[in-house]
Amino acid sequence: MQLSTSEISELIKSRLENFSTSAEARTQGTVISVTDGIVRIHGLSNVMAGEMIEFPGNVYGLALNLERDSVGAVILGDYENISEGDTVKCTGRILEVPVGPELVGRVVNALGQPIDGKGPINAKLTDKIEKVAPGVIARKSVSQPVQTGIKAIDSMVPVGRGQRELIIGDRQTGKTAVAVDAIINQKGQNMTCIYVAIGQKASTIANVVRKLEEHGAMEYTIVVAASASDPAALQFLAPYAGCTMGEYFRDRGQDALIVYDDLTKQAWAYRQISLLLRRPPGREAYPGDVFYIHSRLLERAARVNEEYVEKFTNGEVKGKTGSLTALPIIETAAGDVSAFVPTNVISITDGQIFLETDLFNAGIRPAINAGISVSRVGGAAQTKVIKKLGGGVRLALAQYRELAAFAQFASDLDEVTRKQLDRGRLVTELMKQAQYAPLSTSEMAVTLLAANKGFFDDVPVARALAFESALHSFLKSKYKSILDKIDSTNDLGGDDEKALEAAIQDFKATNAY
């Protein structure tokens, strides 16, 4: 088939008339220098603070320093293939991570990418890692308990849903153990848990994940891991990513618990980034806004009211409050709680659980110092039965510590002092607890009632824990109905108390311990 010249020219003309190009306006810049994961870029005139920047090879960065003629950005990932002269583009987006129930049971990095080898995560939603905390009007007071299963915490420093309770202590004092036990005890409590590991050894994180799997806790837990080998940028961002994942549940009228292990290493990572960006250093070489990085993170842990949840879900969820409870961990050096970061976080949180090296080495584990551990809002959330029976525990320990110091000098002690010392020794022994063995509310109530009513008085202190364990086993097999009632009502009525006392007497009469 031959085409005439006129037909060819008509065809070309029609093609030219219908030709269209879609132009995309994008700000571009050029890499000036790359050092230690920090990139200086020239030419990104419209970049926003905290905006994602795209490098060649599908690598992204975060704009942190906006200067007159250059931009300082931190690279999220490997920077070996980035070199001077590379073209950089603005994305117009803020960093987001995947959120939703699809992440539960998985181990992800600070960007929400799976690192457990179990395949991709098909999350339907993503959310910004930096969000404004709920305002005062949107909040509700803390009134529901978080049962940690640890006697010393639930009786002396109770934690409520929506609270921020700091766990602080030197290295190797059992901080992670307390937090992991609290996660294990949330089984069947309608609580989604997020464990954020910051700057830890990969082997340590793997060990925690294995323990959570062994106790069936990964069924309701998300692990966000930024190990010591990850770039400082990811260690800095991991807590915010974990918090966003927790807020997904909070905002939909559910309860979530998040553990930041630990925020000291996040502050170190931020200090490293800030110094490399040439920001002016302040106290202990931290930048001036190190308080703000922790306050804006921890203020996002809250209990939100029904109206907030209803508005957020467009009326799909009604009459439900949501909560995000935070257990931040801070590592001190030689017990110095007056250092910069510890004092910052103490002032932000609603109380602290202070773990001491001396107590830990003396075999008192969890090594909680009852004198300076406090819960500022958790008292209102404590379960009725523990509040009723555990009131004397803190007092007994405080009196014991005081009297024990004097007893070293006094040779002859009066009867009252001797009784107080004996009771203090007993309570100290009873507050000991094995790792990965959280107790139910009823088991705790049994121990506290037996201690209050003098059932331990004729038991040698060294045998107290064996007596307690045997008593729990006996009651579970013979008097399970009483324990079930305590667990379901979280209270102990007069008749139930008498029945429980009779059951303990039955145990003492018929069992060797």
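Each Cβ is built from the backbone N, Cα and C atoms, and glycine gets one as well.
Annotated in Swiss-Prot:
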- GLY169, ASP170, ARG171, GLN172, THR173, GLY174, LYS175, THR176: ATP binding site (BINDING)
- SER373: site 'Required for activity' (SITE)
Looking at the binding-site residues GLY169, GLY174, the one with the fewest other Cβ atoms inside 10 Å is GLY174
Cβ-Cβ distance under 8 Å, sequence separation of 6 or more, same chain as LYS175 (ATP binding site); the residues meeting this, in order, are ILE167, ILE168, GLY169, ASP261, ASP262, ILE329, GLU331, LEU355
Where THR173 (ATP binding site) and SER373 (site 'Required for activity') are concerned, what is their Cα separation in Å, rounded?
15
Taking just the CA atoms, what is the gap between GLN172 (ATP binding site) and SER373 (site 'Required for activity') in Å?
18
Check the DSSP secondary structure of GLN172 (ATP binding site), expressed as helix, strand or coil.
coil
So if I measure Cβ to Cβ from ASP170 (ATP binding site) and keep only same-chain residues at least 6 apart in sequence, which ones fall under 8 Å?
GLU331, THR332, ALA333, ALA334, GLY335, LEU355, GLU356, THR357
Find, among the recorded positions listed as GLN172, THR173, THR176, SER373, the one whose Cβ has the highest number of other Cβ atoms within 10 Å in the structure shown.
THR173
What are the non-local neighbours of ARG171 (ATP binding site), defined as same-chain residues 6+ apart in sequence with CB under 8 A from its CB?
GLU331
Can you give me the Cα-Cα distance between GLY174 (ATP binding site) and SER373 (site 'Required for activity') in Å, rounded to a whole number?
15
Note on ATP: the CB centroid of GLY169, ASP170, ARG171, GLN172, THR173, GLY174, LYS175, THR176 has further same-chain residues inside 8 Å, namely GLU331, LEU355, THR357, PHE360, ALA367
Reduced DSSP state (H/G/I helix, E/B strand, rest coil) at SER373 (site 'Required for activity') is coil
